[in-house]
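Participant: Below is one structure. I have some questions about it.
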Amino acid sequence: MLSRLFRMHGLFVASHPWEVIVGTVTLTICMMSMNMFTGNNKICGWNYECPKFEEDVLSSDIIILTITRCIAILYIYFQFQNLRQLGSKYILGIAGLFTIFSSFVFSTVVIHFLDKELTGLNEALPFFLLLIDLSRASALAKFALSSNSQDEVRENIARGMAILGPTFTLDALVECLVIGVGTMSGVRQLEIMCCFGCMSVLANYFVFMTFFPACVSLVLELSRESREGRPIWQLSHFARVLEEEENKPNPVTQRVKMIMSLGLVLVHAHSRWIADPSPQNSTAEQSKVSLGLAEDVSKRIEPSVSLWQFYLSKMISMDIEQVITLSLALLLAVKYIFFEQAETESTLSLKNPITSPVVTPKKAQDNCCRREPLLVRRNQKLSSVEEDPGVNQDRKVEVIKPLVAEAETSGRATFVLGASAASPPLALGAQEPGIELPSEPRPNEECLQILESAEKGAKFLSDAEIIQLVNAKHIPAYKLETLMETHERGVSIRRQLLSAKLAEPSSLQYLPYRDYNYSLVMGACCENVIGYMPIPVGVAGPLCLDGKEYQVPMATTEGCLVASTNRGCRAISLGGGASSRVLADGMSRGPVVRLPRACDSAEVKSWLETPEGFAVVKEAFDSTSRFARLQKLHVTLAGRNLYIRLQSKTGDAMGMNMISKGTEKALLKLQEFFPELQILAVSGNYCTDKKPAAINWIEGRGKTVVCEAVIPAKVVREVLKTTTEAMVDVNINKNLVGSAMAGSIGGYNAHAANIVTAIYIACGQDAAQNVGSSNCITLMEASGPTNEDLYISCTMPSIEIGTVGGGTNLLPQQACLQMLGVQGACKDNPGENARQLARIVCGTVMAGELSLMAALAAGHLVRSHMVHNRSKINLQDLQGTCTKKAA
């Protein structure tokens, strides 16, 4: 029950960070302000003379107070030093934020408690620093930092609060009750110290439950790398935190704490209300007396300076004990910042390192369709291959063995030959100096201790030991990348696990996996990764479209496709270029809901088609994204099932995730008006996505684009090697009549899917969406003064495409998008990059249609494919597309 309440509290705080932060700061300032305006206007040393204060200061034990301050500073220093060993600047920053704001809240409470006299902070702050505990704060931060998205951040913070909240609450209660016993001792100084201690515990608890989780959520949201769509703070080293923190505290310890709490409550009740029902002085009054605030020992004086100057002079003036304390703090700060950097880096190299964020150059601000001059960084090199003269000489089949990682100083990325069958297995992490791995695997218990150790980690385990832990179910195979020190080693170990289960262990030898930036793949593109598939990428162009020239990348294994498209681009360019327009832009999602009766469904349909109903659904839908804007609803029913097709703009993203989120919110809003409505599925195939559907052909989906060009008769004869009359005749009887006879939906073209799929693979699109995106009707007719010129147009109503998210985050795909000048989001005009890419797709399809139809009209198709699409290589002697083996 308590865990559920704390979970709800954590989710609320993480979901509304601005409101919680502003509310907390406002409450803190109000506490100070109310005291400043309503408190005592007698300030010692400024307008009142307090002789007892001087006496108390002289009689106090300065040595003990100085030692206490120094111990407190050392304690905080060691806490931050331990946090630094985790290797995360975010952990350090968030913990520092927690400390600073906690001290601010505590100072406010002390000022309010002591009636705006700042002198009490000298004694209070050491107790605050000694009682502050960053372990809980860092544990909650680890929960958040192990997330892959902002939604997961909120969920993990809520989960962390559910686990840590009850324990921290009980600990704070016990600490307050234990320390509070000292307030009943009768010793004035001890009572004041214990009062400060209780206030410190309460201030820490207040900040941990409100301000801190809100700040964690906000900081991580603001630190997202928006261009890549991936968080730069995701820490692979903390991926196990959910499992580690899931273990509940010892129930025996919790029961003992509760019994102690009840006993201490009885002690406090007896001492305060039974044994001494009318205490003479409260702790606050005694503290004021101790600080010289009692009226009977003060006399009024005329202030010589303003109040702010008085406080400033008090802060600047320093006694010998303050000089010692400040000197120690400065020395430790200098040591921590400057002299521990090398030591920390050395220590972190022996741990699970944090995945480095992807470094990308800034984009130009003057043009939304921008190009980046440099894409690949030193540590993000794409795979390259080198010719090895020894490969063709030695053709024996080699079994995959663990790899030795290349030295970091190597400037070349190559596929490395695998170890021979007689070679001993070597771990990827075993190349670090000072790390010696045993030749035989150690016991699972010892390996688990090393893996979970903050000082060691997976780098101190061999591949054989990791495989042993996976086989024993101690490590899930799908988490190998997050648990290893590098993603690549996780992929390598998974390949070894898989090879042992295959009938042919050498099956993966030509599937590369080295030197690939897997940080962009994890959590976004693929799971259970065993490598990547190199596909040849050709270029067709220049394509002259709307007054600009484009070199179009095409990833394909079909011979003649790029050459044919390139010929079509040349014909279009010689004819003066093509023109294009985007007719519509809107992604769709079609959920299916059910009501008790068909008449009820009809009533909901009628309500949705009214302006009021549409406005309600649109408000809920639009609230889920700054880009998603509901455009229209298309509603139909089948019996008591209701199908609602929501169509919305999605910016530069393809938009399926965005519109699905908005659809879900809209359906929940619809349920508020019709409680009997049952949501069957957020996708009811009425969208329609990745399936042939007439609704996409008629209504459109994604981008609807039309492209046209006029090819002069001379170009038709000399470049396309045919005549306008022949091309028009073939187009009518093939693309129109032939497709109609076949009952085609949207297939009134020669081979639009060829070009669409090739561009989609090259540019990181969802290749399965070529089903709807390839809908195209190609029209040709004679034109010009003598009817010898060729007019051609392609209309594509459902190009589902985007330039951000998914595969567009991968570096090779980004390179292809940059070739076209449409990589990333367009800041000046959101959605323009995606629309421009759709135009390029349609223009390239038209070029492909032009060339293929010309080949068919001239009878050249079979001959060209026999020349360009039939390999003459003896496949029996083929070593593989990669000149070196992958493992």
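A Cβ is built for glycine as well, from the same backbone N, Cα and C atoms used for every other residue.
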Participant: Have a look at 160-187, 524-551 and point to the one annotated transmembrane segment in Swiss-Prot.
Facilitator: 160-187
Participant: Check the candidates Ser223, Ser648, Ser773, Ser871 against Swiss-Prot and report the one noted as phosphoserine.
Facilitator: Ser871
Participant: Looking at Asn281, Asn869, which is the one Swiss-Prot tags with N-linked glycosylation site?
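Facilitator: Record says Asn281.
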Participant: In Swiss-Prot, is Ile301 on the same membrane side as Ser3?
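Facilitator: Opposite sides, per Swiss-Prot.
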Participant: Excluding the flanking five residues on each side, which residues at least 6 beyond the ends of the topological domain 'Cytoplasmic' (150-159) place their CB within less than 8 Å of a CB in that stretch?
Facilitator: 7-8, 10-11, 13-15, 140, 143-144, 213, 216-217, 220-221, 224, 231, 242
Participant: Would you mind splitting the topological domain 'Cytoplasmic' (150-159) into helix, strand and coil residue counts from DSSP?
Facilitator: 10 helix, 0 strand, 0 coil
Participant: Compute the C-alpha separation of Glu558 (active site, charge relay system) from Asp766 (active site, charge relay system), stating it in Å without decimals.
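Facilitator: About 19 Å separates the two Cα atoms.
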Participant: So what sits near Asp766 (active site, charge relay system) in its own chain, CB-to-CB under 8 Å and at least six residues off in sequence?
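Facilitator: Once residues fewer than 6 apart are set aside, Asp766 (active site, charge relay system) is near Met654, Lys690, Tyr760, Glu800, Gly806, Gly807.
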Participant: Could you give the number of helix, strand and coil residues in the topological domain 'Cytoplasmic' (1-9) as assigned by DSSP?
Facilitator: 8 helix, 0 strand, 1 coil
Participant: Over the topological domain 'Cytoplasmic' (221-248), work out the mean pLDDT and round it to an integer.
Facilitator: 48
Participant: How about long-range neighbours of the topological domain 'Cytoplasmic' (1-9): same chain, 6 or more residues beyond its ends, C-beta under 8 Å?
Facilitator: 158-159, 161-163, 165-166, 209
Participant: Give me the count of other Cβ atoms within 10 A of the Cβ belonging to Lys690 (active site, charge relay system).
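Facilitator: If we count other Cβ atoms within 10 Å of Lys690 (active site, charge relay system), we arrive at 17.
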